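Structure record follows, encoded as C-alpha coordinates.
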Amino acid sequence: MAGGSGEVAAAAPLLETEEKVAAYHEGCPGCAVDRRKAANAGVPYKEFFHIWIIILVSCLPISLLFPFLYFMIRDFHIAKTVEDIGFYAGFVGASYMLGRALTSTAWGMIADRIGRKPVIVFGIFSALLFNTLFGLSVNYWMAISTRFLIGSLNGLLGPIRAYAIEICRPEHQAIALSLVSTSWAIGLIVGPTIGGYLAQPTEKYPKLFPTYSLFGRFPYFLPCLCISVFCFAVLISCIWLPETLHNHKADKKGDQASESSIAHFSDPEELNEHGTSATTDKNLFKNWPLMSSIILFCIVSFEDMAYTEIFSLWAESDRKYGGLSFSTEDVGQVLAISGASILVYQTFIYPRIVGVLGPINTSRIATSLSMMLLLTYAPITHLSRPWSQIAVSIASILKNNFVVTVVTCSFILQNNSVTQHQRATANGLATTLMSLFKTFAPAGAGIVFSWAQKRQHALFFPGKLIKT
(Lines of atoms letter the chains of each structure in order from A and count residues from 1; the text may use other names and numbers.)
(Lines give C-alpha, C1' and ligand atoms only; values in the text may rest on other atoms or scores of the structure.)
Protein backbone atom coordinates (compact mmCIF):
# COMPACT_ATOMS: atom_id res chain seq x y z
CA MET A 1 0.00 0.00 0.00
CA ALA A 2 2.77 2.39 0.85
CA GLY A 3 4.49 1.67 -2.42
CA GLY A 4 1.25 2.29 -4.34
CA SER A 5 0.56 5.60 -2.63
CA GLY A 6 4.16 6.64 -3.31
CA GLU A 7 3.74 5.89 -7.01
CA VAL A 8 0.53 7.94 -7.13
CA ALA A 9 2.23 10.86 -5.35
CA ALA A 10 5.16 10.68 -7.74
CA ALA A 11 2.86 10.56 -10.74
CA ALA A 12 0.82 13.60 -9.64
CA PRO A 13 3.37 16.25 -10.67
CA LEU A 14 3.87 14.45 -13.98
CA LEU A 15 0.14 14.47 -14.70
CA GLU A 16 -0.07 18.16 -13.74
CA THR A 17 2.80 18.97 -16.11
CA GLU A 18 1.16 17.00 -18.93
CA GLU A 19 -2.11 18.90 -18.41
CA LYS A 20 -0.29 22.24 -18.62
CA VAL A 21 1.50 21.19 -21.80
CA ALA A 22 -1.79 19.99 -23.29
CA ALA A 23 -3.36 23.39 -22.57
CA TYR A 24 -0.88 25.08 -24.94
CA HIS A 25 -1.59 25.05 -28.67
CA GLU A 26 1.25 24.77 -31.13
CA GLY A 27 1.53 27.77 -33.43
CA CYS A 28 -0.51 30.02 -31.14
CA PRO A 29 1.44 33.19 -30.23
CA GLY A 30 -0.66 33.71 -27.11
CA CYS A 31 0.15 30.21 -25.88
CA ALA A 32 3.85 30.83 -26.56
CA VAL A 33 3.69 33.89 -24.30
CA ASP A 34 1.80 31.92 -21.63
CA ARG A 35 4.41 29.17 -21.76
CA ARG A 36 7.18 31.72 -21.27
CA LYS A 37 5.33 33.28 -18.32
CA ALA A 38 4.87 29.85 -16.72
CA ALA A 39 8.56 29.03 -17.11
CA ASN A 40 9.85 32.43 -15.94
CA ALA A 41 8.42 33.85 -12.72
CA GLY A 42 10.54 37.01 -12.87
CA VAL A 43 9.56 40.49 -14.00
CA PRO A 44 9.72 40.75 -17.83
CA TYR A 45 11.90 43.86 -17.93
CA LYS A 46 12.58 43.71 -21.66
CA GLU A 47 8.89 43.53 -22.57
CA PHE A 48 8.04 46.25 -20.05
CA PHE A 49 10.66 48.56 -21.56
CA HIS A 50 9.27 47.88 -25.04
CA ILE A 51 5.77 48.78 -23.86
CA TRP A 52 7.15 51.91 -22.19
CA ILE A 53 8.78 53.31 -25.33
CA ILE A 54 5.79 52.42 -27.53
CA ILE A 55 3.43 54.39 -25.29
CA LEU A 56 5.95 57.21 -25.03
CA VAL A 57 6.30 57.57 -28.79
CA SER A 58 2.53 57.47 -29.28
CA CYS A 59 1.94 60.18 -26.67
CA LEU A 60 4.65 62.61 -27.76
CA PRO A 61 2.70 63.99 -30.75
CA ILE A 62 -0.38 64.65 -28.59
CA SER A 63 1.01 67.62 -26.70
CA LEU A 64 4.10 68.43 -28.79
CA LEU A 65 2.44 71.46 -30.33
CA PHE A 66 1.19 73.29 -27.24
CA PRO A 67 4.32 75.39 -26.49
CA PHE A 68 4.49 76.73 -30.07
CA LEU A 69 0.81 76.55 -31.04
CA TYR A 70 0.29 80.20 -30.03
CA PHE A 71 3.04 81.32 -32.42
CA MET A 72 2.01 78.86 -35.13
CA ILE A 73 -1.53 80.25 -35.25
CA ARG A 74 -0.10 83.77 -35.24
CA ASP A 75 2.13 82.92 -38.24
CA PHE A 76 -0.83 81.47 -40.16
CA HIS A 77 -2.41 84.98 -40.00
CA ILE A 78 -5.88 83.53 -39.51
CA ALA A 79 -6.57 85.32 -36.21
CA LYS A 80 -7.68 88.92 -36.66
CA THR A 81 -6.56 89.99 -33.19
CA VAL A 82 -4.14 88.67 -30.58
CA GLU A 83 -7.07 87.76 -28.36
CA ASP A 84 -8.46 85.46 -31.10
CA ILE A 85 -5.36 83.23 -31.21
CA GLY A 86 -6.61 81.08 -28.35
CA PHE A 87 -9.92 80.54 -30.17
CA TYR A 88 -8.26 79.09 -33.29
CA ALA A 89 -5.62 77.20 -31.30
CA GLY A 90 -8.31 75.23 -29.47
CA PHE A 91 -9.63 73.65 -32.68
CA VAL A 92 -6.18 72.43 -33.73
CA GLY A 93 -5.80 70.68 -30.39
CA ALA A 94 -9.34 69.29 -30.59
CA SER A 95 -8.91 67.81 -34.09
CA TYR A 96 -6.56 65.10 -32.81
CA MET A 97 -8.97 64.03 -30.08
CA LEU A 98 -11.93 64.06 -32.45
CA GLY A 99 -10.13 61.67 -34.79
CA ARG A 100 -9.21 59.36 -31.92
CA ALA A 101 -12.73 59.43 -30.50
CA LEU A 102 -14.21 58.28 -33.82
CA THR A 103 -11.95 55.26 -34.26
CA SER A 104 -10.60 53.99 -30.92
CA THR A 105 -13.37 51.45 -30.26
CA ALA A 106 -13.01 50.11 -33.80
CA TRP A 107 -9.26 49.73 -33.34
CA GLY A 108 -9.88 47.86 -30.08
CA MET A 109 -12.26 45.46 -31.83
CA ILE A 110 -9.71 44.92 -34.60
CA ALA A 111 -7.04 44.19 -32.00
CA ASP A 112 -9.33 41.60 -30.35
CA ARG A 113 -9.86 39.94 -33.73
CA ILE A 114 -6.50 40.00 -35.58
CA GLY A 115 -4.06 40.72 -32.74
CA ARG A 116 -2.46 43.52 -30.76
CA LYS A 117 0.76 43.74 -32.77
CA PRO A 118 -0.69 44.77 -36.19
CA VAL A 119 -2.67 47.62 -34.61
CA ILE A 120 0.37 48.80 -32.64
CA VAL A 121 2.64 48.75 -35.71
CA PHE A 122 0.14 50.59 -37.92
CA GLY A 123 -0.46 53.20 -35.22
CA ILE A 124 3.24 54.00 -34.91
CA PHE A 125 3.61 54.22 -38.70
CA SER A 126 0.68 56.64 -39.03
CA ALA A 127 2.07 58.82 -36.24
CA LEU A 128 5.43 58.92 -38.01
CA LEU A 129 3.91 59.96 -41.34
CA PHE A 130 1.33 62.55 -40.33
CA ASN A 131 3.34 64.08 -37.50
CA THR A 132 6.02 64.88 -40.10
CA LEU A 133 3.40 66.45 -42.38
CA PHE A 134 2.05 68.51 -39.46
CA GLY A 135 5.48 70.11 -39.05
CA LEU A 136 5.36 71.05 -42.74
CA SER A 137 1.93 72.69 -42.49
CA VAL A 138 1.68 75.85 -44.57
CA ASN A 139 -1.80 76.90 -43.46
CA TYR A 140 -4.35 76.45 -40.70
CA TRP A 141 -6.44 73.82 -42.47
CA MET A 142 -3.45 71.60 -43.26
CA ALA A 143 -2.53 71.69 -39.57
CA ILE A 144 -6.06 70.64 -38.53
CA SER A 145 -6.23 67.87 -41.16
CA THR A 146 -2.90 66.26 -40.26
CA ARG A 147 -3.71 66.38 -36.55
CA PHE A 148 -7.06 64.70 -37.23
CA LEU A 149 -5.36 61.91 -39.19
CA ILE A 150 -2.77 61.33 -36.45
CA GLY A 151 -5.61 60.81 -33.98
CA SER A 152 -7.88 58.69 -36.15
CA LEU A 153 -5.22 56.30 -37.50
CA ASN A 154 -3.20 55.82 -34.32
CA GLY A 155 -5.37 53.37 -32.41
CA LEU A 156 -2.75 51.69 -30.24
CA LEU A 157 -3.48 53.26 -26.84
CA GLY A 158 -6.32 50.85 -26.05
CA PRO A 159 -4.64 47.65 -27.32
CA ILE A 160 -1.30 48.47 -25.67
CA ARG A 161 -2.97 48.58 -22.25
CA ALA A 162 -4.46 45.15 -22.91
CA TYR A 163 -1.05 44.00 -24.12
CA ALA A 164 0.61 45.18 -20.91
CA ILE A 165 -1.74 42.98 -18.87
CA GLU A 166 -1.23 39.92 -21.09
CA ILE A 167 2.57 39.99 -21.40
CA CYS A 168 3.22 39.40 -17.70
CA ARG A 169 2.09 37.22 -14.80
CA PRO A 170 -0.82 38.43 -12.59
CA GLU A 171 1.47 39.49 -9.74
CA HIS A 172 3.32 41.87 -12.08
CA GLN A 173 0.28 43.49 -13.71
CA ALA A 174 0.18 46.41 -11.28
CA ILE A 175 3.74 47.28 -12.29
CA ALA A 176 2.79 46.98 -15.96
CA LEU A 177 -0.14 49.38 -15.64
CA SER A 178 1.95 51.77 -13.58
CA LEU A 179 4.48 51.81 -16.42
CA VAL A 180 1.69 52.50 -18.90
CA SER A 181 0.45 55.56 -17.03
CA THR A 182 3.98 56.74 -16.24
CA SER A 183 5.03 56.61 -19.87
CA TRP A 184 1.76 58.22 -20.92
CA ALA A 185 2.23 61.07 -18.46
CA ILE A 186 5.90 61.57 -19.27
CA GLY A 187 5.06 61.61 -22.99
CA LEU A 188 2.53 64.37 -22.41
CA ILE A 189 5.22 66.33 -20.57
CA VAL A 190 8.28 65.56 -22.69
CA GLY A 191 6.36 66.34 -25.90
CA PRO A 192 5.85 70.01 -25.01
CA THR A 193 9.44 70.14 -23.74
CA ILE A 194 10.72 69.08 -27.17
CA GLY A 195 8.33 71.49 -28.84
CA GLY A 196 9.39 74.35 -26.59
CA TYR A 197 13.12 73.93 -27.08
CA LEU A 198 13.21 73.03 -30.78
CA ALA A 199 10.47 75.20 -32.30
CA GLN A 200 11.68 78.28 -34.23
CA PRO A 201 15.31 77.05 -34.29
CA THR A 202 16.52 79.82 -36.60
CA GLU A 203 15.71 82.35 -33.88
CA LYS A 204 17.11 80.32 -30.97
CA TYR A 205 20.09 78.65 -32.64
CA PRO A 206 20.99 80.81 -35.68
CA LYS A 207 24.50 79.34 -35.99
CA LEU A 208 23.15 75.82 -36.42
CA PHE A 209 20.01 76.68 -38.41
CA PRO A 210 20.39 79.57 -40.89
CA THR A 211 17.32 81.60 -41.79
CA TYR A 212 17.41 80.44 -45.42
CA SER A 213 17.39 76.73 -44.45
CA LEU A 214 14.41 74.36 -44.46
CA PHE A 215 13.87 75.07 -40.77
CA GLY A 216 13.64 78.78 -41.51
CA ARG A 217 10.80 78.21 -43.95
CA PHE A 218 9.12 75.70 -41.63
CA PRO A 219 9.93 76.95 -38.09
CA TYR A 220 7.92 74.20 -36.38
CA PHE A 221 9.26 71.26 -38.40
CA LEU A 222 12.31 70.40 -36.27
CA PRO A 223 10.45 69.13 -33.14
CA CYS A 224 8.08 67.13 -35.34
CA LEU A 225 11.00 65.63 -37.26
CA CYS A 226 12.78 64.57 -34.07
CA ILE A 227 9.71 62.73 -32.82
CA SER A 228 9.17 61.12 -36.24
CA VAL A 229 12.75 59.79 -36.17
CA PHE A 230 12.03 58.32 -32.74
CA CYS A 231 8.84 56.76 -34.16
CA PHE A 232 10.89 55.14 -36.94
CA ALA A 233 13.32 53.59 -34.46
CA VAL A 234 10.47 52.19 -32.34
CA LEU A 235 8.71 50.94 -35.48
CA ILE A 236 11.77 48.89 -36.41
CA SER A 237 11.98 47.49 -32.87
CA CYS A 238 8.42 46.15 -33.20
CA ILE A 239 9.81 43.36 -35.39
CA TRP A 240 10.69 41.62 -32.11
CA LEU A 241 7.38 42.43 -30.39
CA PRO A 242 5.59 39.16 -29.47
CA GLU A 243 1.88 38.77 -30.09
CA THR A 244 -0.25 37.93 -27.03
CA LEU A 245 -3.67 37.21 -28.54
CA HIS A 246 -4.61 33.53 -28.80
CA ASN A 247 -5.54 32.43 -32.33
CA HIS A 248 -7.73 29.55 -31.14
CA LYS A 249 -10.97 29.37 -29.21
CA ALA A 250 -10.41 29.70 -25.47
CA ASP A 251 -11.04 26.53 -23.50
CA LYS A 252 -12.25 26.30 -19.94
CA LYS A 253 -8.71 26.39 -18.55
CA GLY A 254 -7.98 29.55 -20.57
CA ASP A 255 -11.10 31.21 -19.21
CA GLN A 256 -10.11 30.29 -15.66
CA ALA A 257 -6.63 31.71 -16.23
CA SER A 258 -8.09 35.05 -17.32
CA GLU A 259 -10.48 35.09 -14.38
CA SER A 260 -7.66 34.36 -11.93
CA SER A 261 -5.88 37.46 -13.24
CA ILE A 262 -8.99 39.52 -12.50
CA ALA A 263 -9.42 37.97 -9.07
CA HIS A 264 -5.81 38.75 -8.21
CA PHE A 265 -6.59 42.49 -8.09
CA SER A 266 -10.32 42.56 -7.32
CA ASP A 267 -11.77 43.58 -3.98
CA PRO A 268 -13.19 40.65 -1.96
CA GLU A 269 -16.68 42.19 -2.03
CA GLU A 270 -16.69 42.14 -5.85
CA LEU A 271 -15.90 38.41 -6.15
CA ASN A 272 -18.46 35.67 -6.45
CA GLU A 273 -18.36 32.28 -4.76
CA HIS A 274 -15.86 31.02 -7.36
CA GLY A 275 -13.37 33.76 -6.55
CA THR A 276 -13.84 35.64 -9.84
CA SER A 277 -15.48 38.90 -10.81
CA ALA A 278 -19.23 38.58 -11.22
CA THR A 279 -19.20 41.09 -14.10
CA THR A 280 -16.50 39.57 -16.30
CA ASP A 281 -18.88 38.26 -18.99
CA LYS A 282 -21.40 41.12 -19.00
CA ASN A 283 -22.07 43.55 -21.81
CA LEU A 284 -19.40 46.23 -21.46
CA PHE A 285 -21.96 48.99 -20.96
CA LYS A 286 -23.59 46.95 -18.16
CA ASN A 287 -20.26 46.28 -16.47
CA TRP A 288 -20.44 48.91 -13.73
CA PRO A 289 -16.88 48.44 -12.36
CA LEU A 290 -15.60 49.06 -15.88
CA MET A 291 -17.91 51.98 -16.74
CA SER A 292 -17.40 53.77 -13.41
CA SER A 293 -13.62 53.69 -13.86
CA ILE A 294 -14.03 54.93 -17.45
CA ILE A 295 -16.20 57.83 -16.25
CA LEU A 296 -13.50 58.82 -13.78
CA PHE A 297 -10.87 58.50 -16.52
CA CYS A 298 -12.87 60.71 -18.90
CA ILE A 299 -13.53 63.51 -16.40
CA VAL A 300 -9.90 63.71 -15.30
CA SER A 301 -8.71 63.55 -18.92
CA PHE A 302 -11.04 66.40 -19.89
CA GLU A 303 -9.70 68.57 -17.09
CA ASP A 304 -6.08 67.66 -17.83
CA MET A 305 -6.40 68.38 -21.56
CA ALA A 306 -8.01 71.75 -20.89
CA TYR A 307 -5.24 72.51 -18.41
CA THR A 308 -2.50 71.50 -20.88
CA GLU A 309 -4.00 73.72 -23.58
CA ILE A 310 -4.49 76.72 -21.30
CA PHE A 311 -1.20 76.45 -19.43
CA SER A 312 1.03 77.19 -22.43
CA LEU A 313 -1.28 79.91 -23.78
CA TRP A 314 -1.52 81.54 -20.38
CA ALA A 315 2.21 81.32 -19.61
CA GLU A 316 3.22 82.74 -23.00
CA SER A 317 0.65 85.54 -23.05
CA ASP A 318 1.81 89.06 -22.25
CA ARG A 319 1.32 90.24 -18.68
CA LYS A 320 -1.10 92.91 -19.85
CA TYR A 321 -3.41 90.07 -20.87
CA GLY A 322 -3.04 88.31 -17.50
CA GLY A 323 -0.21 85.97 -18.57
CA LEU A 324 3.39 85.46 -17.46
CA SER A 325 5.25 86.57 -20.63
CA PHE A 326 7.15 83.25 -20.74
CA SER A 327 9.08 82.14 -23.81
CA THR A 328 8.70 78.67 -25.35
CA GLU A 329 11.97 77.73 -23.62
CA ASP A 330 10.58 78.80 -20.23
CA VAL A 331 7.49 76.66 -20.74
CA GLY A 332 9.62 73.74 -21.91
CA GLN A 333 11.78 73.98 -18.79
CA VAL A 334 8.77 73.93 -16.46
CA LEU A 335 7.34 70.89 -18.23
CA ALA A 336 10.70 69.09 -18.25
CA ILE A 337 10.93 69.44 -14.47
CA SER A 338 7.37 68.11 -14.15
CA GLY A 339 8.19 65.12 -16.35
CA ALA A 340 11.21 64.19 -14.25
CA SER A 341 9.13 64.40 -11.08
CA ILE A 342 6.54 61.99 -12.51
CA LEU A 343 9.18 59.35 -13.13
CA VAL A 344 10.42 59.59 -9.54
CA TYR A 345 6.91 59.71 -8.08
CA GLN A 346 5.55 56.73 -10.02
CA THR A 347 8.62 54.61 -9.30
CA PHE A 348 9.06 55.19 -5.57
CA ILE A 349 6.01 56.94 -4.07
CA TYR A 350 2.85 55.92 -5.93
CA PRO A 351 3.11 52.11 -5.26
CA ARG A 352 3.38 52.77 -1.52
CA ILE A 353 0.37 55.10 -1.50
CA VAL A 354 -1.84 52.67 -3.42
CA GLY A 355 -0.65 49.81 -1.23
CA VAL A 356 -1.94 51.65 1.85
CA LEU A 357 -5.06 53.43 0.53
CA GLY A 358 -6.09 51.31 -2.46
CA PRO A 359 -6.84 52.68 -5.95
CA ILE A 360 -10.30 54.09 -5.16
CA ASN A 361 -9.35 56.13 -2.07
CA THR A 362 -6.14 57.27 -3.75
CA SER A 363 -8.17 58.57 -6.72
CA ARG A 364 -10.54 60.48 -4.47
CA ILE A 365 -7.76 62.25 -2.57
CA ALA A 366 -5.73 63.09 -5.70
CA THR A 367 -8.79 64.49 -7.50
CA SER A 368 -9.74 66.72 -4.55
CA LEU A 369 -6.21 68.08 -4.16
CA SER A 370 -5.93 68.74 -7.89
CA MET A 371 -9.07 70.88 -7.89
CA MET A 372 -7.84 72.94 -4.94
CA LEU A 373 -4.42 73.41 -6.54
CA LEU A 374 -5.93 75.15 -9.59
CA LEU A 375 -7.03 78.05 -7.38
CA THR A 376 -3.38 78.95 -6.73
CA TYR A 377 -2.50 79.75 -10.37
CA ALA A 378 -4.16 83.16 -10.65
CA PRO A 379 -2.09 84.85 -7.87
CA ILE A 380 1.14 83.69 -9.56
CA THR A 381 0.71 86.39 -12.22
CA HIS A 382 1.42 89.01 -9.55
CA LEU A 383 4.87 87.54 -8.78
CA SER A 384 8.02 88.81 -10.42
CA ARG A 385 10.86 86.75 -11.86
CA PRO A 386 12.25 84.34 -10.74
CA TRP A 387 9.53 83.70 -8.15
CA SER A 388 6.81 83.31 -10.77
CA GLN A 389 8.75 80.56 -12.55
CA ILE A 390 9.53 78.78 -9.27
CA ALA A 391 5.88 78.91 -8.18
CA VAL A 392 4.65 77.67 -11.57
CA SER A 393 7.16 74.81 -11.52
CA ILE A 394 6.01 73.65 -8.08
CA ALA A 395 2.35 73.89 -9.05
CA SER A 396 3.00 72.03 -12.32
CA ILE A 397 4.82 69.21 -10.49
CA LEU A 398 1.93 68.72 -8.08
CA LYS A 399 -0.75 69.03 -10.77
CA ASN A 400 0.77 66.47 -13.13
CA ASN A 401 1.45 63.96 -10.36
CA PHE A 402 -2.14 64.22 -9.13
CA VAL A 403 -3.39 63.52 -12.64
CA VAL A 404 -1.11 60.55 -13.24
CA THR A 405 -2.21 59.10 -9.90
CA VAL A 406 -5.87 59.10 -10.90
CA VAL A 407 -5.12 57.80 -14.41
CA THR A 408 -3.04 54.88 -13.11
CA CYS A 409 -5.75 53.90 -10.63
CA SER A 410 -8.38 53.97 -13.37
CA PHE A 411 -6.19 51.78 -15.61
CA ILE A 412 -5.94 49.18 -12.86
CA LEU A 413 -9.70 49.16 -12.33
CA GLN A 414 -10.52 49.05 -16.06
CA ASN A 415 -8.22 46.22 -17.09
CA ASN A 416 -9.21 43.97 -14.23
CA SER A 417 -12.93 44.34 -14.87
CA VAL A 418 -12.93 42.22 -18.06
CA THR A 419 -11.43 39.01 -19.47
CA GLN A 420 -8.92 38.84 -22.33
CA HIS A 421 -11.44 38.52 -25.15
CA GLN A 422 -12.97 41.86 -24.11
CA ARG A 423 -9.85 43.66 -22.87
CA ALA A 424 -8.71 45.51 -26.02
CA THR A 425 -12.31 46.44 -26.85
CA ALA A 426 -12.83 47.74 -23.30
CA ASN A 427 -9.65 49.78 -23.50
CA GLY A 428 -10.68 51.01 -26.95
CA LEU A 429 -14.04 52.07 -25.54
CA ALA A 430 -12.28 53.91 -22.72
CA THR A 431 -10.00 55.64 -25.23
CA THR A 432 -12.97 56.58 -27.44
CA LEU A 433 -14.94 58.15 -24.59
CA MET A 434 -11.83 59.82 -23.18
CA SER A 435 -10.94 61.20 -26.62
CA LEU A 436 -14.50 62.49 -27.03
CA PHE A 437 -14.14 64.40 -23.77
CA LYS A 438 -10.72 65.63 -24.84
CA THR A 439 -12.13 66.78 -28.18
CA PHE A 440 -14.21 69.43 -26.44
CA ALA A 441 -11.54 70.29 -23.87
CA PRO A 442 -9.03 72.21 -26.07
CA ALA A 443 -11.70 73.98 -28.11
CA GLY A 444 -13.73 74.89 -25.02
CA ALA A 445 -10.64 75.93 -23.07
CA GLY A 446 -9.35 78.03 -25.97
CA ILE A 447 -12.70 79.81 -26.38
CA VAL A 448 -12.99 80.51 -22.64
CA PHE A 449 -9.37 81.70 -22.49
CA SER A 450 -9.85 84.07 -25.43
CA TRP A 451 -13.11 85.34 -23.94
CA ALA A 452 -11.46 85.90 -20.54
CA GLN A 453 -8.62 87.92 -22.06
CA LYS A 454 -11.14 90.20 -23.75
CA ARG A 455 -13.13 90.71 -20.53
CA GLN A 456 -10.40 91.55 -18.03
CA HIS A 457 -12.17 94.82 -17.14
CA ALA A 458 -15.70 93.40 -17.14
CA LEU A 459 -17.55 92.97 -13.87
CA PHE A 460 -17.44 89.18 -14.22
CA PHE A 461 -13.62 89.36 -14.11
CA PRO A 462 -12.80 92.32 -11.84
CA GLY A 463 -9.24 93.56 -11.52
CA LYS A 464 -6.91 96.21 -12.79
CA LEU A 465 -4.74 95.89 -15.87
CA ILE A 466 -1.13 94.98 -15.06
CA LYS A 467 1.26 97.29 -16.90
CA THR A 468 4.87 96.31 -17.61
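Any Cβ shown, glycine's included, is placed from N, Cα and C.
Just so you know, TrEMBL annotations never went through curation; they're auto-generated.
What TrEMBL annotates here:
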type: DOMAIN; residues: 47-468; note: domain 'Major facilitator superfamily (MFS) profile'
type: TRANSMEM; residues: 51-73; note: transmembrane segment
type: TRANSMEM; residues: 85-107; note: transmembrane segment
type: TRANSMEM; residues: 119-142; note: transmembrane segment
type: TRANSMEM; residues: 176-200; note: transmembrane segment
type: TRANSMEM; residues: 220-242; note: transmembrane segment
type: TRANSMEM; residues: 294-314; note: transmembrane segment
type: TRANSMEM; residues: 334-353; note: transmembrane segment
type: TRANSMEM; residues: 390-413; note: transmembrane segment
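Each of 51-73, 85-107, 119-142, 176-200, 390-413 was scored by its Cβ pairs under 8 Å to the transmembrane segment (294-314), and the highest score goes to 390-413. For the transmembrane segment (176-200), the list of distant contacts is 48, 51-53, 55-68, 71, 157, 160-161, 164-165, 167-168, 219-220, 222-223, 226-227, 308, 312, 328-333, 335-336, 338-339, 342-343, 346-347, 350-351, 400, 403-404, 407-408, 411-412, 415: same-chain residues at least six beyond its ends, Cβ to Cβ under 8 Å.
Counting Cβ pairs under 8 Å that are 6 or more residues apart, the transmembrane segment (220-242) and the transmembrane segment (390-413) reach fewer than 3 and are not in contact. The list of residues near the transmembrane segment (334-353) in space but at least 6 beyond its ends in sequence, with Cβ under 8 angstroms from a Cβ of it, reads 67, 174, 178, 181-182, 185-186, 189-190, 192-193, 196, 315, 326, 362, 389, 392-393, 396-397, 399-401, 404-405, 408.
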